[in-house]
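Read the structure below first, then the notes.
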Amino acid sequence: MRSYSLIAPAKINLYLEIIGDRSDGYHELAMILQSIDLADQIDIHPASTETIRVHCNHPQVPTDNSNLAYRAAALMATKFADAFRNFGGIDITIKKRIPVAAGLAGGSTNAAAVLVGIDLLWNLGLTFAELEELGATLGSDVPFCISGGTAIATGRGEQLSPLPSLDHIHIVLAKYRSLEVSTPWAYNTYRQEFGGTYIRDTANLADRANAVHSGEIVKAIVNKNTVEIAQKLHNDLEKVVLPAYPQVLHLRELFATQPGVLGTMMSGSGPSVFAIVESAEQAEIVKLKIREAIPDQDLELFVTRTITHGIKIAP
Ligand code: C5P
């Protein structure tokens, strides 16, 4: 039986609006998610015994069932118990490049790759819709990570409407290695501070989600107008994360003042911050300028770009 090597790209949020809370403890969201060319590699090998094993080159990434990639394999083993028995165990190796706990869906994209990889390994022939449904039970961002590209995500983040793809928009991305923001903390704090402004009426919730579909940033995406997209970036979670994490606020302000930066925003619940930049050359210059201003090697900096795909077999 063969092995599979998969590319698992990170995502950034071009838009994140919290439009209401939900009885399941999650929040009703309207987001625009975008895949970027910063990716982990996931190798999936058949194993001789009926076990699931995860290996990772990053010391901060757990290899037990607290790892979403492990849970994705366990889910497949339960759902397709016959295949698990017939084909034996699964060995997963994660080569991490995406910063961890960064708001870049690193864990979710690894889980998405495991679902796609096991589908291939066991010849299950699942459709994208079936894989997305399985993915939604693991985490809100997993369904998007499977197909990737550019999409509106509503509900918990698992209901997807694809948008025209945005290719080759230049991005500079920054994250302090040692800084982590808990996603539940960010959403809970938002709920405490801004819950009073929520829309609670279900019909209005749908209206709000629909308004995003016809909103200005979506128009800018359809028109492939990078300058407009950069001006319309939005993330409600900045309202709670930036005041609590001065380093992130500082990064955000630093990006905003760099020549060639068209727009800047925190991704997801942070603490990574990205900037949309005019050209590849400008992106390298912005990266250098940020490094000059913050020589601390704890700050990781990447030049990347938008891409049009999610999980892909490695060339
Ligand atoms: O779905 P996922 O496990 O990635 O979500 C992580 C956490 O983020 C949840 O436990 C919840 O606290 C918060 N969240 C939320 N509303 C969403 C998505 C995530 O409150 N729509």
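Backbone N, Cα and C define each Cβ position, glycine as well.
Here is what TrEMBL records for this protein:
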type: ACT_SITE; residues: Lys11; note: active site
type: ACT_SITE; residues: Asp141; note: active site
type: BINDING; residues: Pro99, Val100, Ala101, Ala102, Gly103, Leu104, Ala105, Gly106, Gly107, Ser108, Thr109; note: ATP binding site
type: DOMAIN; residues: 67-149; note: domain 'GHMP kinase N-terminal'
type: DOMAIN; residues: 218-294; note: domain 'GHMP kinase C-terminal'
In the same chain, outside Pro99, Val100, Ala101, Ala102, Gly103, Leu104, Ala105, Gly106, Gly107, Ser108, Thr109, whose C-beta lies within 8 angstroms of the Cβ mean position for the ATP site? Ala10, Ile98, Gly268
Taking the Cα atoms as reference points, how far is Ala105 (ATP binding site) from Lys11 (active site) in Å? 6
Where Gly107 (ATP binding site) and Asp141 (active site) are concerned, what is their Cα separation in Å, rounded? 9
Rounded to a whole number, how many Å is the Cα of Pro99 (ATP binding site) away from the Cα of Asp141 (active site)? 16
For Gly107 (ATP binding site): DSSP state (helix, strand, coil): helix
Lys11 (active site): secondary structure state under DSSP, collapsed to three categories: strand
Which site among Ala101, Ala105 has the most other CB atoms no more than 10 Å from its CB, taking these as binding-site residues? Ala105
What three-state secondary structure does DSSP assign to Asp141 (active site)? coil
Take the C-alpha atoms of Thr109 (ATP binding site) and Asp141 (active site) and report the distance between them in angstrom, rounded. 8
